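Listed features, source TrEMBL:
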BINDING   B:9, B:10, B:11, B:12, B:13, B:14, B:15, B:16  NADP(+) binding site
BINDING   B:105  NADPH binding site
BINDING   B:190  L-homoserine binding site
ACT_SITE  B:205  active site, proton donor
DOMAIN    B:355-431  domain 'ACT'
């Protein structure tokens with residue numbers, strides 16, 4: 001059969017991986033796809049670098065618009081990233097009737113609604129397996145593999161940088177700043193690590209998964225986003241003593257009142273498989289009403305793992321490019337006319353368990369005051385550690401795990417507890433999920 | 001859109017699950033599939049039982065052939081199992097131009113080659129997500145999600161009964177027979193557990209995965225199949241002392257000489273995520289050249305988890321039922337005209353590491369004799385435990401882990417070692433995989 005022609009926009013780390021893997025595995029990929037998939041045009045600002053990878057195997061240009069306007073191109077791969085020119089290029093590719101494969105989670109999470117609407121109207125596909133969890137085929141699992149299920153919740157380790165940092169903090173007992181510096185030296189964290197460590201990258205990804213799990217639009221603006229930069233090494237240690245690990249999780253859950261959409265450091269029982277995902281690896285846990293909990297694990301970043309996802313999308317698009325749009329998997333898993341919108345719950349309305357660390361004076365009655373406040377708010381205590389004060393020390397730590405409760409009740413309890421004279425420092429509050 | 005009509009053959013545990021989940025989640029499934037999927041005919045020998053589940057929502061019959069011959073039916077779900085009437089029904093459904101969804105791993109592993117050929121010729125689909133690892137969408141991951149990769153190997157915990165037994169043996173230090181009896185009482189093992197405990201069920205499943213990973217026909221007859229019924233509790237204990245867990249793995253690996261296809265108890269490092277898969281859960285680890293190792297975890301059996309896979313297939317088939325066959329995912333992942341046949345390696349030719357337990361007289365020179373034999377065969381030792389003999393005891397256990405070697409070299413070494421006068425019992429040999 002006639003080859004399908006692909007234009008590649010941006011040949012950095014991932015783009016280079018796509019080019020390399022597509023060349024190396026051309027024979028097997030063609031045997032799967034039923035026709036050759038070839039990159040015929042590559043656009044990159046750095047022509048010299050691009051030339052070093054591509055050689056004379058494709059037309060090279062520094063004008064990406066010339067690729068999306070090229071009538072010979074069937075599919076455009078957008079690997080430029082960001083919201084600016086990437087958005088323009090994607091919209092123009094759609095207008096030109098080209099299918100788009102993208103790894104751009106930021107773009108989809110923030111502007112996906114208009115992009116998918118435009119693609120739907122023009123009858124082209126937007127494929128985005130590489131936007132979430134790198135090489136793990138989690139978009140496919142959610143949209144197709146679990147299509148029988150009412151999906152109840154998703155909890156994912158979907159940012160490798162922060163998982164690497166948390167693993168190192170636990171392993172070596174080191175503070176955040178030290179480990180971040182090490183991660184930057186090793187290339188696991190970028191020079192400006194804000195998007196990773198403050199949870200923004202994870203929030204983009206959980207926003208996309210939330211949309212396809214529940215058949216709702218992208219709601220990135222309403223996500224609660226909290227990173228790991230203020231996480232103390234001692235909380236990792238206390239959590240461990242209680243049988244928990246701390247992971248940065250992206251969580252989305254359907255409740256009768258609306259959808260929870262949040263990213264924050266989370267205690268999870270060490271016995272859960274996902275608690276044992278270490279280093280820069282990613283894992284996504286999905287709870288469906290029929291299948292129960294399923295877990296998907298692998299490399300969430302890197303040239304070839306991400307290329308694996310981009311190329312899988314190319315094969316999918318190649319297979320259905322000539323098909324009637326109604327035979328295709330809908331972008332957001334549900335048919336466009338049957339998307340619904342569910343409200344995203346404000347943080348005060350979410351329900352979860354909590355880890356509380358209090359710095360208190362070591363004298364009688366303190367614990368009674370604290371537990372009274374919690375009881376008044378209807379909050380039950382599940383486990384507690386009271387550390388013996390060191391010799392000559394007059395303050396000590398109390399750590400408590402609560403039963404499931406509303407965030408606003410914990411907020412109220414914390415206000416009262418922090419007002420107690422015996423409580424000597426702001427309370428540390430982390431969320432805890434049992435993931436059952 | 002017009003509903004798609006499904007005929008269900010066999011409404012036991014899984015069939016009941018399919019009926020229930022399809023009814024419960026009808027609205028969401030229709031929103032995904034784009035048209036209603038309805039079971040219009042059900043065949044079962046036990047009409048009374050079938051009536052209790054189905055009521056008057058579908059035509060009931062005890063004649064399954066009347067369903068596959070029904071011109072109103074678009075898709076047939078075969079949940080009868082076994083190789084006899086199930087095969088006849090599937091072939092007749094194909095001849096009648098109906099798509100087939102089946103959970104029948106035994107049938108596909110042993111007679112899949114003719115079934116797929118017939119389906120290909122008639123232009124219908126055979127979907128079989130439910131045949132491997134229950135609700136885990138592993139067939140979809142292998143055929144579609146990882147289509148960019150040259151798949152190197154697969155290792156899976158794909159039989160829940162044996163994983164439950166092994167978990168219990170380790171947790172409680174109990175022998176196989178005791179735990180099997182308990183598993184039977186709890187319903188985790190069947191009255192005749194042979195297919196599970198002797199590895200046959202796992203071999204069916206790894207045969208199917210091997211075919212779609214490497215684009216080769218089903219080669220069940222050449223699989224090496226070894227179960228857990230002769231596994232001793234002390235080997236689980238010794239393995240643990242060395243930092244390993246013992247799991248029944250289905251393994252298939254592509255080598256330059258051919259394909260390894262085998263099921264046997266296997267030591268794996270306890271640090272691997274898959275080593276921590278406990279109870280009746282399933283997990284499949286897949287190594288691709290681009291993506292690296294990815295893991296898929298979930299419930300491998302049960303009414304609703306298996307129904308989740310059957311219904312995902314129904315949605316897929318519904319989507320592409322009206323599509324040109326060339327737009328569909330090929331049955332065996334590769335286009336039918338580009339399947340190849342690779343030889344399955346005889347067991348003597350596989351390469352892996354080994355765990356050896358020897359019962360020896362506790363006297364000087366024994367260890368020297370044994371290590372000399374291993375060295376003569378070119379086998380290196382990776383780790384060793386020599387147990388201190390108990391008071392008054394004259395024999396002791398030596399446990400060794402070897403580097404990777406050919407099975408035939410270990411076979412030769414074992415013959416020589418067992419011929420040593422100081423070796424007092426048949427040597428215990430288990431295989432070890434590092435899964436890196």
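The count begins at 1 with the first shown residue.
Placement of Cβ uses the backbone N, Cα and C atoms for every residue, glycine included.
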DSSP-derived class (H/G/I helix, E/B strand, else coil) of residue B:15 (NADP(+) binding site): helix
Pairwise Cα distance for residue B:14 (NADP(+) binding site)/residue B:105 (NADPH binding site) [Å, integer]: 14
Per-state residue totals over the domain 'ACT' (B:355-431) - DSSP helix, strand, coil: 23 helix, 28 strand, 26 coil
Rounded to the nearest Å - Cα separation of residue B:16 (NADP(+) binding site) and the residue listed as 'NADPH binding site': 19
Rounded Cα-Cα span from residue B:190 (L-homoserine binding site) to residue B:12 (NADP(+) binding site), Å: 15
Alpha-carbon distance [the residue listed as 'NADPH binding site'; residue B:10 (NADP(+) binding site)] in Å: 15
Candidate nearest residue B:9 (NADP(+) binding site) in space, where candidates are the recorded positions B:105, B:190, B:205 and distance is Cα-Cα: B:105
In sequence order, the binding-site residues (B:11, B:13, B:15, B:105, B:190) whose C-alpha falls within 10 A of residue B:205 (active site, proton donor): B:105
Candidate binding-site residues B:11, B:13, B:15, B:105, pick with smallest Cα gap to residue B:190 (L-homoserine binding site): B:13
C-alpha spacing of the residue listed as 'NADPH binding site' relative to residue B:13 (NADP(+) binding site), in angstrom: 16
Beyond the site residues B:9, B:10, B:11, B:12, B:13, B:14, B:15, B:16: chain residues whose C-beta lies within 8 Å of the centroid, for NADP(+): B:8, B:17, B:18, B:44, B:79
Residue B:11 (NADP(+) binding site) and residue B:105 (NADPH binding site), distance between Cα atoms, whole Å: 17
The residue listed as 'NADPH binding site', number of other Cβ atoms within 10 Å: 26
Cβ neighbours within the same chain of residue B:11 (NADP(+) binding site) - under 8 Å, at least six residues apart: B:19, B:42, B:44, B:49, B:50, B:53, B:54, B:79
Cβ-Cβ distance under 8 Å to residue B:15 (NADP(+) binding site), same chain, at least six residues away: B:8, B:42, B:44, B:77, B:79
